[in-house]
Ligand code: ACK
């Protein structure tokens, strides 16, 4: 309760009230107000207090102590004697009112004496002391006055106490609630918001209600100690050293889990002891743990060219249950169910080479392995040798040179030959005859010329390979139809199809699109309109000349077609005064281009043939031709960007070769680059094919530096000769537009190639890319990779650039001597250094070279003892080197064997 400032001494007396000093029961003098007009009727004697400020209170309490004479105890009193008095109040802002009219006061209550009178000695009288409390709402003014009205009783006011009630400052659920005045009504509840104590945060908004009697009611919500602190006696105290509290919803601080500690009070997490770790997802309550030790008892079971590896769990799991295993091996092998993240202690390895030594490692990892080691080796390994196995099926059969009776087939070596391929067997039969009657042909090379077929007949071809281990499975059936007409002599080597054939082809082989030679049309305009859209010249807006082409100017400009956005285009025009033949040749490019639809082939928008000049409209390539573009930006691209360009080109070339189109002039100058660095194959002019083929005219037209030897020698233009050119484009790209063979003469280039020399790796060119170039430049065209294979290889490099593209052949001065390949020792592109780098053992480069191990042949005799004697002592390193030596030797032996076989097969 809070007392209000009441000064009794200043209570104004009315006419009848007297201020009297008396002694209280302890003989202390007190002042009282008395009245006792019991003999006269109609009494109304008023006594009021000074102004009392209400100090924010809304309901005040008045406690009155008084004595009252029992009318019966007064001798001779008539009916005028009363035993009650009235209590009044009046609210006011004025603290100094002299006169307040009685009618302005509002009555609080009539007060009567209590039953239980207390006896009080006042002077010589024994009185009974009454205590009465009344309350009233005071909300309208700053303060109030109280008044007492006597109506004819005999009263003495001993004391008047005025107070109001508050709910006292209190802390509930870690929230502080301030001292709060109670409400105005006897039933009112005042809502109060609490504030969180130090080092605590709100869990749910803390609230309580202050009741009319000064009691706090209904606590809601509250606060919780922040992490690192715990609740003690309504406050938040820091966790002691060795304890932690991670989240505010936890209970008290907890002792640090095993293998961890906290050095300061107030820890939210305990740090791991040295050598122990926690993974990102481990809760703070979990003990710190360790990486596992190595798996144990690795055993292998070889089944031909697959292996089952089984092992048991490590000795020490490091205190965790999330152990996973990872298998490793050198080379392209297939792990199932997968290579890493293995939950079970078993993995199957397939697609292994037959008769080959492999080393497999099994490593154990858990949630804390990343960046930490268990101190000891975490993996076990096993070395084994696979058994003999038949070759895997032949893939990618391709037909070329199709005539009425003949077809040339070529195919890829099986992905896993599993030994030296002794021969291939081609089985073929007429499709509608099924396999009732078939013919077999055997060949040592990867191609076969099949003759004596019936015209316009669908044949099914299947090929299988044989090694010492026997025959492999047949390839999937490959269907092809012989022609009804023979080819025009003008395009002797382009495997194209006449219009009539195309119709039949579509009928026989729905879904396979083959390029149609526009020269099989009698009317050249019919051909061009079959494949190209005629554009009205008024829709073309020529802006500027950007170059000179074979037939006239090349301009840039804009094209607006109805209902389409305006686009930038390149416009090739045919210069005035042309002959009919030139018009036909010029438009043949559009007839060819119009058949293609691929993101890496320049797109034809249309042609203008109905008015002059005759024009070919193509998409506009902002960066112009690739060779000039690269020269302009010498050294400015990353290897990945360059490989990205090469990938685009090969993707376009694959599309062309799938359509059976042979480009014949693939070179960086005929690749165009747009603003996004997308490369597109262009220049489909047929003129070079159709010109007068007399020897002299012919060779002057052939781009010698880009052309495969067989195409130079006897005009054998095939997808494989395009592959040769692609190798040269790779070299141009990696050397930023350098001229192939620099300033050597054409004759010298032909001679050098014939002698087995090839362009060296450009500066900073990754080894694997130069290797791919060398593959494209294989003398025997059937050994060159197909565009599909090149595309796959580049995709692999792009997907895994750090391990594949990082290795360059070092900085080489350019120009330099060409590198010999295919010399008598067949080892030119192999080096100890690259090999050791590839298997991660480059630290032994000097050791091995110093001991004379510099070629695959020299490694033939290498043994564990040899290695130990020259200082390679770590058993796992010895294993790894030996396993890899086997593989190196095997692939070299195979290569040599193939080259020897090929040299025996007449080309
Ligand atoms: O190297 P460039 O700038 O790119 O010079 C040649 C020139 O015309 C003669 O062929 C350029 N050129 C050809 N076709 C296009 C095209 N579609 N977009 C942009 N430039 C082109 C080529």
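Cβ atoms here come from the backbone N, Cα and C positions, even for glycine.
Note: TrEMBL annotation is automatic and uncurated.
According to TrEMBL, the protein carries these features:
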DOMAIN    1-172  domain 'Eph LBD'
DISULFID  36-154  disulfide bond
DISULFID  71-81  disulfide bond
DOMAIN    291-389  domain 'Fibronectin type-III'
DOMAIN    390-485  domain 'Fibronectin type-III'
DOMAIN    540-798  domain 'Protein kinase'
BINDING   546, 547, 548, 549, 550, 551, 552, 553, 554, 572  ATP binding site
ACT_SITE  665  active site, proton acceptor
DOMAIN    827-891  domain 'SAM'
Sorted by sequence, non-546, 547, 548, 549, 550, 551, 552, 553, 554, 572 residues with Cβ within 8 Å of centre, ATP: 555, 573
Surrounding CB atoms that lie within 10 Å of the CB of residue 554 (ATP binding site), all protein chains: 18
Candidate with sparsest Cβ neighbourhood (10 Å radius) among 550, 665, the listed recorded positions: 550
DSSP-derived class (H/G/I helix, E/B strand, else coil) of residue 71 (disulfide bond): helix
Those recorded positions in 71, 154, 546, 550, 552, 665 whose CB falls under 6 A of ligand 1, listed in sequence order: 546
Site extent for ATP, whole Å (max Cα pair distance, 546, 547, 548, 549, 550, 551, 552, 553, 554, 572): 14
Whole-number mean of pLDDT values that fall within the domain 'SAM' (827-891): 75
Sparsest-packed of the listed recorded positions (36, 71, 81, 546, 548) - C-beta count within 10 angstroms: 548
Lowest local Cβ density among 154, 552, which the record lists as recorded positions, within 10 Å: 552
Structural state census, the domain 'Fibronectin type-III' (390-485) (DSSP three-state): 6 helix, 45 strand, 45 coil
Cα proximity to residue 546 (ATP binding site), best match among recorded positions 36, 71, 81, 154, 665: 665
Spatial separation of residue 550 (ATP binding site) from residue 665 (active site, proton acceptor) - C-alpha basis, Å: 14
81, 548, 550, 552, 554 filtered to the recorded positions whose C-alpha is within 10 Å of residue 36 (disulfide bond): 81
